[in-house]
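Chemist: Structure provided below as structure tokens; questions to follow.
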Amino acid sequence: MASSNNDGPIEPEAEPWRITQNDHLEQDLLEEDAESQERVDIPVDDVEKAFSFKKLWAFTGPGFLMSIAYLDPGNIESDLQSGAQAAYKLLWVLLSAHIIGMLLQRMSARLGVVSGKHMAEVAYQFYPRLPRIILWLMIEIAIVCSDMQEVIGTAIAIFLLSKGFVPLYVGVFITILDTFTFLLIDRYGIRKLELIFGFLILTMTVSFGYEFVVVKPPIGEVISGMVVPWCAGCGKGEFMQAISVVGAVIMPHNLYLHSALVKSRRVDRKDRRRVAEANKYFTLESAIALFLSFFINLFVVAVFAHGLYQKTNADVREMCIARHDIPDADIFPNNTEPVEVDIYKGGIYLGCQFGAIAMFIWGIGIFAAGQSSTMTGTYTGQFVMEGFVKIEWPKWKRVLITRAIAITPTLVLTFYSQGVQNLTGMNDFLNCVQMIQLPFALIPIITFTSSRKIMHDFRSSKVFQIFALITSALILSINVYFISDYVFSRLGSEWYIIMVLAPITFAYVLFVLYLALYCLVSCEIIPDTVSIRGFSFNKSYENDAPWLAVDSSAVHDNAGYQ
């Protein structure tokens, strides 16, 4: 019930979408702060020119930072398990996941360019208070889980490179230095940061490319696996692995990150042509970055498909025991079960098969993947916290707290885990948690980019909206199957387990449906006059569109001249 007190504005609970004067002031301060940060200038030349390498270079950066999420240790582990279990048969799934990811990243970049705000900032103004707080918490959980994977990957890489001399918990402590590295590089501007990420991607390309060249997998089978959308002779194990590949590639927090990174370019939003140009070049740059990340992932799949497909633990163990320069040569159990592999065992196998150099180069690649991913995770945490809760802390505080939240549970895990193989097994659980969080990025990005009030004449076309909705529904359905299988296979399906999970599942589904309702209204599939108890669609929020004001002024001037 609305308050009758006239001394102040209506409380947000009464009209949760209402933007008060204080909200406008906060937004103005945020925009002023953003403008004061270093932005990359875009060359001013003929905007009608179809293509310019100079302009592409100016826009290059955000897409490569975004592509790091496709190369994190969780993805690498999913790749090698895919190769060991299904050979080259799931490469088409990997390719499809990258294509879908490209389309989603395109939406994210367009949102940042057109609205001048990133996803968290738009969500803050678009959703009522309680839903946006829940949304923020869900994305923070996704960021923490992702960061845990990167910290674990980096610690394992250090453990592998030192031949076990550096304990895992020390490796985790070493990753804290990422925080200070990030702060140091960030002081010198976004271009320097992008250069460092470019170097790390190059390191991964060389490392995993080296393994590909040494192993020499059959190119014909690799190409066939990419273009033939089928998995002959596959069962439930291969199907679950395919789901894992999709879940590892499409990361929820990455959509929030990309929409913020594109704001590092100085785009004149008063000129429609400049906005369209930015959308074009960011899409092209993202496509190039994800094309490269796909081939890096392909290298990993092919290496382990060629070496470990249809091999048993005993086969690999026998090969490793014969070598004396490889640590943990007896890590593979002496049984005839299909070989089980993770990022640590993968390095041991490469050392056993091709020598210590191959093992060290693999470790360097995993280290680069972990380092780059922890830094992008920190960046994402900063943007999400700023956008959702408007915390005006010094940057070093925000970064330290974001890292501490991720490192603390990882430290506990390393202290109590019995061996490195148990630690790497956490990746499956962390991937599962991130799949649970995926709707809280997928649904909002479709909602925002389909909204006339946010994107105006740059909103997604009806065909693209329908494609995005169908694709997202398919991904979410597959995720539900994977999550339910994962949970019940580990916890069991006894009545008391179901009783505990039922209320949590009900609340989760209810919130997803709430977000989906907003999405359908934005897509104009259902009218904004919909009346459902407890649901009020935001009719008053409208993002600025300075190019429309300029267009209107030009039309008015021309009419006056005539």
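Any Cβ shown, glycine's included, is placed from N, Cα and C.
Copying in the features that Swiss-Prot gives for the protein in this structure:
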TOPO_DOM  1-55  topological domain 'Cytoplasmic'
TRANSMEM  56-76  transmembrane segment
TOPO_DOM  77-83  topological domain 'Extracellular'
TRANSMEM  84-104  transmembrane segment
TOPO_DOM  105-140  topological domain 'Cytoplasmic'
TRANSMEM  141-161  transmembrane segment
TRANSMEM  165-185  transmembrane segment
TOPO_DOM  186-194  topological domain 'Cytoplasmic'
TRANSMEM  195-215  transmembrane segment
TOPO_DOM  216-241  topological domain 'Extracellular'
TRANSMEM  242-262  transmembrane segment
TOPO_DOM  263-287  topological domain 'Cytoplasmic'
TRANSMEM  288-308  transmembrane segment
TOPO_DOM  309-347  topological domain 'Extracellular'
CARBOHYD  Asn334  N-linked glycosylation site
TRANSMEM  348-368  transmembrane segment
TOPO_DOM  369-398  topological domain 'Cytoplasmic'
TRANSMEM  399-419  transmembrane segment
TOPO_DOM  420-428  topological domain 'Extracellular'
CARBOHYD  Asn422  N-linked glycosylation site
TRANSMEM  429-449  transmembrane segment
TOPO_DOM  450-462  topological domain 'Cytoplasmic'
TRANSMEM  463-483  transmembrane segment
TOPO_DOM  484-496  topological domain 'Extracellular'
TRANSMEM  497-517  transmembrane segment
TOPO_DOM  518-562  topological domain 'Cytoplasmic'
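Thinking about packing and proximity, how do these listed features fit into the structure?
Modeler: Panel annotation: around the transmembrane segment (56-76), residues 40-43, 98, 101, 105, 109, 146, 149-150, 152-154, 156, 190-191, 193-194, 197-198, 200-201, 204, 248-249, 251, 253-254, 257-258, 261-262, 264-265, 278, 281-282, 284-290, 292-294, 296-297, 300, 343, 365-366, 369-370, 372-373, 375-376, 379, 427, 430-431 of the same chain, lying at least six beyond its termini, place a Cβ under 8 Å from a Cβ of the stretch.
Helix, strand and coil counts from DSSP across the topological domain 'Extracellular' (77-83) read 7 helix, 0 strand, 0 coil.
Counting residue by residue with DSSP, the topological domain 'Cytoplasmic' (105-140) contains 31 helix, 0 strand, 5 coil.
Helix, strand and coil counts from DSSP across the topological domain 'Cytoplasmic' (186-194) read 6 helix, 0 strand, 3 coil.
Taking Cβ pairs closer than 8 Å, the transmembrane segment (195-215) reaches residues 64-65, 67-68, 71, 185, 292-293, 296, 299-300, 302-303, 306-307, 350, 354, 358, 361-362, 364-365, 368-369, 371-372, 375-376 in its own chain, all 6 or more past its ends.
Looking only at the topological domain 'Extracellular' (216-241), the predicted model's pLDDT averages out at 91.
With a cut-off of 8 Å between Cβ atoms, the residues of this chain six or more beyond the transmembrane segment (242-262) that come close are 61-63, 65-66, 69-70, 72, 74-75, 77-79, 81-82, 86, 90, 93-94, 96-98, 100-101, 104-105, 107-109, 111-113, 117-120, 139, 142-143, 146, 231, 278, 282, 286, 297, 376-377, 379-380, 383-384, 387, 428, 431-432, 434-435, 437-438, 440-442, 445, 475, 478-479, 481-482.
Broken down by DSSP into helix, strand and coil, the topological domain 'Cytoplasmic' (263-287) contains 18 helix, 2 strand, 5 coil.
Under the DSSP three-state reduction, Asn334 (N-linked glycosylation site) is assigned to coil, being neither helix nor strand.
Sequence-distant neighbours of the transmembrane segment (348-368) (same chain, 6+ residues past either end, Cβ-Cβ under 8 Å): 73, 76, 153-154, 156-158, 160-161, 200-201, 203-204, 207-208, 210-211, 214-215, 303-304, 307-308, 316, 319-320, 322-323, 325-329, 331-332, 341.
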Chemist: Contact between the transmembrane segment (288-308) and the transmembrane segment (429-449) is defined here as three or more C-beta pairs under 8 Å separated by at least 6 residues; is that satisfied?
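Modeler: Counting Cβ pairs under 8 Å, fewer than 3, so no.
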Chemist: State, in range form, which of 141-161, 165-185, 288-308, 463-483, 497-517 has the highest count of Cβ pairs under 8 Å to the transmembrane segment (84-104).
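Modeler: Comparing 141-161, 165-185, 288-308, 463-483, 497-517: 288-308 has the most Cβ pairs near the transmembrane segment (84-104).
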Chemist: Return the residues near Asn334 (N-linked glycosylation site) by Cβ distance under 8 Å, restricted to its own chain and a separation of at least 6 in sequence.
Modeler: Asn313, Ala314, Arg317
Chemist: State the residues, same chain only, that lie 6 or more residues beyond the ends of the topological domain 'Cytoplasmic' (263-287) and have a CB under 8 A from a CB inside it; answer 'none' if no residue qualifies.
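Modeler: Those are 34, 37-42, 47-48, 55-56, 58-64, 66-67, 102, 105-106, 109-110, 112-114, 116, 118, 190, 458, 546-547, 549-551, in sequence order.
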Chemist: What parts of the chain pack near the topological domain 'Cytoplasmic' (105-140), using Cβ distances under 8 Å and only residues at least 6 beyond its ends?
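Modeler: Long-range Cβ neighbours of the topological domain 'Cytoplasmic' (105-140): 12-13, 16-17, 19, 23, 27, 30-31, 62-63, 66, 252-256, 258-263, 267, 269, 275, 278-279, 282-283, 286, 290, 381, 383-390, 405, 437, 440-441, 444-449, 454-456, 458, 460, 468, 511, 514-515, 518, 536, 538, 541, 543-544.
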Chemist: For the topological domain 'Extracellular' (216-241), what are the same-chain contacts with Cβ under 8 Å, counting residues 6+ beyond its ends?
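Modeler: Long-range Cβ neighbours of the topological domain 'Extracellular' (216-241): 78, 81-82, 85-92, 95-96, 298, 302-303, 305-306, 482, 485.
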